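Colleague: Here it is: the structure, laid out below.
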Amino acid sequence: MNISIVGTGYVGLVTGVGLAEIGHHVTCIDINEEKIRKLKKGISPIYEPGIESLILKNISKERLDFTTSFDEGIRFADTIYLAVGTPTGIDGEIDMTSFDKASNEIVDSINGPTIIVIKSTVPVGTNNSLQKMMNERAQHKVTVVSNPEFLREGRALSDLFEGDRIIIGSEDKEAIKTMERINTPFDIPMVITSPKSAELIKYASNAFLATKISFINEIANLCDLVGADIQEVSFGMGLDKRIGSQFLQAGTGYGGSCFPKDTLGLLQIAKESGMKFQLLQEVIKTNSKQQKILVKKLLTKMDTINGKKIAILGVAFKPNTDDIREAPALRIIEELSNQGALVYAYDPIVEKSNKALPQNIRMVDMIEEALNQADAALIVTEWEEIKKLKAEDFKKWMKCPIIVDGRNCFDPNEMVQLGIYYQSIGRGGEKKSLVLK
Ligand code: UDX
């Protein structure tokens with residue numbers, strides 16, 4: 001099939017490369033010239049393990065190309081995927097600006113019967129509205145299908161090729177047949193449903209995963225009060241197949257470009273439908289509280305952090321990505337800086353030049369630079385490189401080994417034996433020990 005993908009972000013690029021890999025001819029369109037120039041050379045604008053080799057492979061097989069021109073990009077397409085961002089707007093609503101702009105760009109370039117696939121995460125009812133617009137303005141028959149993505153950053157290719165299900169939202173038999181033909185080579189179960197159900201499956205799935213995380217974080221906070229161990233509690237819970245062990249790791253709260261956006265988005269969808277989604281409001285509030293917990297724990301040990309050197313290990317919202325959108329580290333760094341701390345942050349791949357980084361921190365190239373003579377260290381992202389550190393390293397490098405571990409990377413007993421003040425999430429509260437210096 002000839003497929004065009006509008007938008008080459010985390011979703012559009014991975015989807016385009018994946019569709020080319022299973023044999024389709026794919027043209028990816030983006031308005032960003034620099035991004036397209038690099039993609040033509042096989043350079044990915046996003047950090048996604050394995051993506052660049054697949055880009056180069058499919059370019060060489062002439063199944064994948066890139067352009068900034070909508071006309072050129074969709075001229076030969078019989079299926080156009082809309083994969084543009086639908087971020088959170090200024091007051092929490094779903095910002096459809098890019099989506100609407102892209103829809104208007106393509107409607108005038110459609111030159112034959114076309115299927116438009118909504119890959120972006122969009123409010124319930126968007127498929128129907130776009131179908132109506134296309135019926136009114138397109139010169140040829142256009143059928144709009146919903147096909148939400150479930151890709152996790154850092155493992156998007158495995159989620160694409162080994163996903164649990166492909167959701168297809170349409171009532172048009174021909175369009176359903178085409179989507180089945182496009183997706184059959186993935187060999188993943190396909191669920192055919194209504195457009196509205198497909199749109200809601202996406203939001204509900206992300207909101208449920210966020211709910212699991214906020215729930216286990218609250219259980220972790222209870223563990224600290226009662227002296228239980230969250231890793232043992234989570235393990236015991238997760239063996240129940242009805243609960244499942246995934247997304248049951250307590251930490252410093254969820255971040256990223258999706259959970260925060262999609263939980264707020266679902267809240268808006270409910271509100272506009274006249275429903276107060278109380279549970280989801282609490283999930284969001286709990287997460288916001290959890291993102292502050294590391295600083296709270298730190299301040300139970302240090303009377304003041306004004307003028308103190310604080311090391312932040314990990315800035316990306318999770319390992320194996322360079323994405324810092326809504327990363328807990330950003331809120332933590334802001335809080336520390338507001339209280340006068342000197343923040344030295346380390347992350348294996350987040351670029352120092354990332355404009356979303358706060359100005360008043362020092363991004364260092366090596367973990368030792370962050371820890372050297374630090375008064376305290378906060379573990380925020382569980383990168384392998386950080387998890388490999390030994391308790392002795394902290395003792396050797398830090399002025400005063402106070403550690404607050406937001407991702408439970410280390411063994412509390414090892415830390416206590418070395419006289420390190422160590423706090424983590426949900427592991428029986430403060431490990432009391434004298435800081436031997
Ligand atoms: C998520 C969904 O998983 C994916 O299906 C959807 O398409 C996009 O949003 P992503 O945001 O890339 O993917 O990251 P994910 O791996 O889901 O983690 C989200 C956040 O939850 C991260 O901040 C992570 O640290 C946190 N998390 C995850 C936990 O705190 N505990 C867990 O057990 C799992």
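Indices start at 1 and increase along the chain as displayed.
Positions of Cβ are set from backbone N, Cα and C atoms, glycine also.
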Colleague: According to TrEMBL, D30, K35, T86, E153, K261, R325 bind NAD(+); which of T121, T184, T193, T211 is also listed for that site?
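Modeller: For NAD(+), TrEMBL names D30, K35, T86, E153, K261, R325; of T121, T184, T193, T211, the listed one is T121.
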Colleague: Name the one residue among K101, K196, K202, K387 that TrEMBL lists for the same substrate site as F150, L151, R152, E153, F247, L248, Q249, A250, G251, G255, K318.
Modeller: K202
Colleague: Closest to K261 (NAD(+) binding site): which of the binding-site residues F150, K202, A250, G255, going by Cα position?
Modeller: G255
Colleague: Tell me whether C258 (active site, nucleophile) sits in a helix, a strand or coil according to DSSP.
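Modeller: Once the DSSP labels are grouped into three classes, C258 (active site, nucleophile) ends up as coil.
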Colleague: Any idea what the Cα distance is from K35 (NAD(+) binding site) over to L248 (substrate binding site), rounded to a whole Å?
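Modeller: Cα of K35 (NAD(+) binding site) to Cα of L248 (substrate binding site) measures 36 Å after rounding.
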Colleague: In Å, how long is the longest CA to CA span across F150, L151, R152, E153, K202, F247, L248, Q249, A250, G251, G255, K318, which the record gives as the substrate binders?
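Modeller: Output for substrate binders F150, L151, R152, E153, K202, F247, L248, Q249, A250, G251, G255, K318: max Cα distance 24 Å.
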Colleague: Spatially, which candidate from the binding-site residues F150, R152, K202, L248 is nearest to T121 (NAD(+) binding site), comparing Cα atoms?
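Modeller: When the Cα distances are compared, K202 comes out closest.
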Colleague: Please identify, among the binding-site residues T86, E153, R325, the one with the smallest Cα-Cα distance to L248 (substrate binding site).
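Modeller: In terms of Cα distance, L248 (substrate binding site) lies closest to E153.
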